[in-house]
């Protein structure tokens, strides 16, 4: 029988034969099939460049339903099975049509029979439910492979060397021996009564306002808290090897940061409190009204964010060591040595984090960001409250970080005692800012004063030598305090 496939009009595929010329041929834009144009240039690696569709001879795009076919035959076969169309197909030429890329759209029955003849599998065509299940399985497999890859990458990350383990153990022991109440702080803490920090705010002569009772409670724990920070630093060999001048500068720069960090890691989300010095649990408003102002917000925010990291004692200890060995302190002598020490702690810190295998994605860079947050948020919050641009805290004339304050004595001490009552009962020098003091600055003054008193611990001086070195009321002599301390430490 003579075949005239180009004139066959029965059984056309409506989805592939939407536009035809008068002679029955399908119109093609720019002489190309739209599907072929969309797949132009794509050849799977397992196909030869000129591989042909086994059904129609057009350019193949891959394995589809167990055969190498083009996109057109793949779609035709899938639609036929999914919609169960093959029983409706018919052919006017006794199913003897020749199927090629020109005639494939003119006889659906012959095209479908050829699909079956070349081996296309009907059972591989999925219905909607099976297709959804397959996609879900694919996503599950991708997620499983992603987790396996993450585990492999964690296993391949370097862990601490024996030398780094020694550094880690020393820092951890230094932290534990100077951390008040240790891991039992929740059981031993005492909540500051609700009425403290909520009483009427007292206006100071310079216009600032503070709750004197809360302020008094906080000043009681500052000196022992600073003592523990100094003791922590002295237990680190790299710190003890530095000149006395650099030790003092580093302690002045990091003391508030380390104290804030120690308070932040003891944030309790259930009671929304911070435990100061391991013993006093305070609420945000109590800390704010007690003298720290907006700085209290920074510490509470830090505590909330750190609670998700679940840091252990070693990580807190190493974070403190990194804060201590910071080269951005003004006036340092051995900058290179301090920088190398910080790098050693950073490497040990990173390798210890790898050893713990945290489940938080990108744990290490996130933790480094928190380290910078500890340094910046406390100072910038305080500076913002005082109206200083850029968060730039004042610098002592000697280049030490004295928060823009000078040591004073005499009548000014008695004036502060009259203002603060018990909180103003200050033995030794106190601090006076060159400009009107904010409440949080007053607390920082006490912090700094205690730091001067404990600088003797760094250089091994006794109380009498410290008292004599700070006895002058002249501002010119005040600037020589740290030189005097350093000179005594160097003398036999």
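FYI, residue positions are counted from 1 along the chain as it appears here.
Every residue gets a Cβ built from N, Cα and C, even glycine.
As annotated by Swiss-Prot, region 'Modulating' applies to 1-52. Per Swiss-Prot, the feature region 'Disordered' maps to 1-33, 457-492. The Zn(2+) 1 binding site feature in Swiss-Prot is assigned to 53, 56, 70, 73; the stated evidence is similarity to another entry. The zinc finger feature in Swiss-Prot is assigned to 53-73, 91-115. The DNA-binding region annotation in Swiss-Prot covers 53-127. Marked as Zn(2+) 2 binding site by Swiss-Prot on the basis of similarity to another entry: 91, 97, 107, 110. Here Swiss-Prot flags 163-407 as domain 'NR LBD', drawing on sequence analysis. The feature 3,3',5-triiodo-L-thyronine binding site is assigned by Swiss-Prot to 228, 277, with similarity to another entry given as support.
Feature map: annotations from Swiss-Prot on the structure.
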{"residue": "53", "record": "Zn(2+) 1 binding site", "DSSP (3 states)": "coil"}
{"residue": "70", "record": "Zn(2+) 1 binding site", "DSSP (3 states)": "coil"}
{"residue": "91", "record": "Zn(2+) 2 binding site", "DSSP (3 states)": "coil"}
{"residue": "97", "record": "Zn(2+) 2 binding site", "DSSP (3 states)": "coil"}
{"residue": "107", "record": "Zn(2+) 2 binding site", "DSSP (3 states)": "coil"}
{"residue": "228", "record": "3,3',5-triiodo-L-thyronine binding site", "DSSP (3 states)": "helix"}
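Among the binding-site residues 91, 110, 228, the residue whose Cα lies closest in space to that of residue 73 (Zn(2+) 1 binding site) is 110.
Rounded to the nearest whole angstrom, the C-alpha distance between residue 70 (Zn(2+) 1 binding site) and residue 228 (3,3',5-triiodo-L-thyronine binding site) is 76.
Sparsest Cβ environment among the binding-site residues 73, 91, 97, 107 (other Cβ atoms counted within 10 Å): 91.
Separating the Cα atoms of residue 53 (Zn(2+) 1 binding site) and residue 110 (Zn(2+) 2 binding site) is a whole-number distance of 16 Å. For residue 228 (3,3',5-triiodo-L-thyronine binding site), the Cβ neighbour count at a 10 Å cut-off comes to 20, with all displayed protein chains included. Close to the recorded Zn(2+) 1 site, the chain also has 52, 54, 55, 57, 58, 60, 69, 71, 72, 74, 101, 104: residues not among 53, 56, 70, 73 whose Cβ is within 8 Å of the site's Cβ mean position.
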